[in-house]
Amino acid sequence: MIKIENLVKRYGNTVALDHFNLNVKEGEIFGLLGPNGSGKTTAINCMLALLKFDRGSIKIMGEEMAPDNYRVKRQIGIVMQDVAVFEELNVRDNIDYFCSLYVSDKGKRKELVEEAIRFAGLEDYRKAYPKKLSGGLLRRLNIACGVAHKPRLIILDEPTVAVDPQSRNRILEGICELSRQGSTIVYTSHYMEEVEQICTRIAIMDHGREIAVGTKEELKSMIKTGETVTIEAVILAGEELERVRELPGVYEVRYEGQTLTVKCTKGKHNLIHILNFLNEREIPFGRVFSELPTLNDVFLEITGKQLRD
Amino acid sequence: MMHLIKYSLLTKLRNRSLIFWPLIFPFVLATVMYFSIGQIGEADFETVRAAVVADEGGELSGTESFSSYLEAMEESSDMMLAEEMTRKEALDALEKGEVDGIFYSGENPSLTVSTTGFAQTILQMVLESYMEGKETLEDVAALHPEGMESAVNQMGEYTDTVEQVSLGGRTTDGTAQFFYALIGMACLYGCFIGYSSAMEMQANLTPLAARRCAGPVHRLKMILAETAVSFGIHFVNMSLLLAYMKYILKLEFTGSFLEMLPAVFMGSMIGVTMGMFITSVGRMGEGVKIGIMIGVSMAMSFLAGLMNADVKNAVDRTAPLLNRINPAAVISDALYCLNVYDAPERYAQDMVILAVMCVLLTAGTYLLIRRERYGSI
């Protein structure tokens, strides 16, 4: 569906996209994950033929993407990071306007607009003007305007920024529904939980490059961490801490404020080894957590920094 | 195309600030100017009232000649009304404000006023004029008694040698210049509508424009729809303003309404495209662009005589080219040609200049906003 090869985009001396590659297959919900300033929005704007780039090629639906490639543009839906609707038009007219850029048949458009209103849960706000809508409803209107014409490819650039949890869940459910209806989705975010929740494949970006691509399981398997064990209210001496480090599967130990955090490689009995050690030494402890690696761990291990830094 | 036009029209008509500057503001300004500048002429010519008290000393000859002079003044204009009274009546009238001053006639007439002002100044000038004439005749009598008869005749035949007429013989209303310049300014205020259009078409200016540019509508189609709507709205604005000035305020616009429309038509186009052009140049902030637009349109209007008609005349004398490339001045000049000069050649020249400006601005604006890919967003 989308094939980007060696895309380079510079702003003066700053390299925004550094030989960026991407391959999105039809029917996927593809997540583009990266911290702010990693180049996600620049990549999207290049894909939409809004931004000039220095090198590389972008093909969408098998065709070179260009500003005048209206055949391809007609099959794309775009939801911008910033809400982009007319303040002077009500909810229905806004959706109708953006739908009319793609669908000229008035009758068909009427059906599509009603469908988009239902999809976004805006039935009670048809006549409302954007300034009267809450942040969550405004975001939903923003999405409805981008998807009303039922495009084959939908690009959503951080659609849940500053949205309440209820609206966020509704938006994420809606995106999965669009995918079930046959659309290919490209979803950019710096919220790893969202990307983990809905995306079938993910590319992690940093400094204008894709640093890892795959399913979430594939990405997690790329790193050393298999499990992170956290034990609260435990008092350890220096010698005991050294013994924990020597336990099988343990490769990193942190002990701060009576909380022990142990990172283990992939293995089945990591937690048992640690708890057995504490029992043998009769060391009392509080709550125990065991967490599987997150995309943040993947990002941290590859780049040496947190995803939200 | 029709849906683009429909929604563009709706969004612009519902945007209050967009309607205020190009339409409401010129209406308000025209009304304010009408009630201030436009009424000065009438206020100036309010008749000055004076009482005349005959000299109690009984110098009959002096009393008669001064009274005759005042009578002649009353007959020649409505400027002054003199009424003979006794000293007591005159003083009472002055105290009650029924007269502006008291003339005491005699060999050496004098004037008494209770305050200072425009009316009192006129009475003073009347008296000085009489005294100068009297002294002249006395000099002639002493030095050239043989020419006395001729001198009296000449003074009696005195007429104002300066007569205000227009070249076309239509109007001499000096305040009309302000209103022509106001129309020029209002035309240029179309730049606010052009600004709004450009902001919604240039992907590097607003997210809304980026979303529109990402859509499958041909760029030229979008530009045409936006320009047509912006121009249409402003042309209607300007036609309403012109009709308001001509038919409601009843200003001395002696040219026909239809004759004035072409100047306003081109002026509207220039205003709208100027706004699009300024908005599309560079990546300055919105405030800076609006500031530039206000600055440019106000400076042009000032040079066209909006604040003081003499400014336009001074520019015409010192830098005539400036007034030929200043659209506000050319619009004002075109209206002047129609209403005052009755000079079709100069009017045609103005229209050609406006047409050239229109074409250049439209072409320049198109070259700027037709961009399809941007260096940064």
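For all residues, glycine too, the Cβ spot is worked out from N, Cα and C.
Residues annotated as domain 'ABC-2 type transporter transmembrane' in TrEMBL: B:16-366.
Marked as transmembrane segment by TrEMBL: B:20-37 (among others). Residues 175, 178-179, 182-183, 185-186, 189-190, 192-193, 233-234, 237, 240-241, 244-245, 249, 251, 271 of the same chain, all 6+ positions outside the transmembrane segment (B:20-37), place their C-beta atoms under 8 angstroms from a C-beta of that stretch.
Here TrEMBL flags B:178-199 (among others) as transmembrane segment.
Below 8 angstroms of C-beta separation, residues 1, 4-5, 8-9, 12-13, 22-23, 26-27, 30, 179, 183, 186-187, 190, 193-194, 196-197, 200-201, 212, 251, 253, 257, 260-261, 264-265, 267-269, 271-273, 276, 362, 366, 369-370 of the same chain, each at least six residues beyond the ends of the transmembrane segment (B:220-245), sit close to that stretch. According to TrEMBL, the feature transmembrane segment maps to B:220-245 (among others).
Long-range contacts of the transmembrane segment (B:257-278) within the same chain: residues 22, 183-184, 187-198, 227, 230-231, 234-235, 237-239, 242-243, 246, 289, 292-293, 296-297, 327, 331, 334-335, 338, 350-351, 354-355, 357-358, 361-362, 364-365, 368-369, each at least 6 residues beyond the stretch ends and with a Cβ under 8 Å from a Cβ of the stretch. Per TrEMBL, transmembrane segment is recorded for B:257-278 (among others).
When Cβ-Cβ distances below 8 Å are used as the criterion, the transmembrane segment (B:290-309) is approached by residues 174, 177-178, 180-182, 184-185, 188-189, 191-192, 195, 271, 274-275, 278, 284, 315, 322-323, 326-329, 331-332 of the same chain, each at least six residues removed from its ends. Sequence annotations record features per position, and here TrEMBL assigns transmembrane segment to B:290-309 (among others).
Residues 194, 198, 201-202, 223, 227, 262-263, 266-267, 269-270, 273-274, 276-277, 280-281, 324-325, 327, 330-331, 334 of the same chain lie 6+ residues outside the transmembrane segment (B:351-369) yet bring a C-beta within less than 8 angstroms of a C-beta in it. Residues or ranges marked as transmembrane segment by TrEMBL: B:351-369 (among others).
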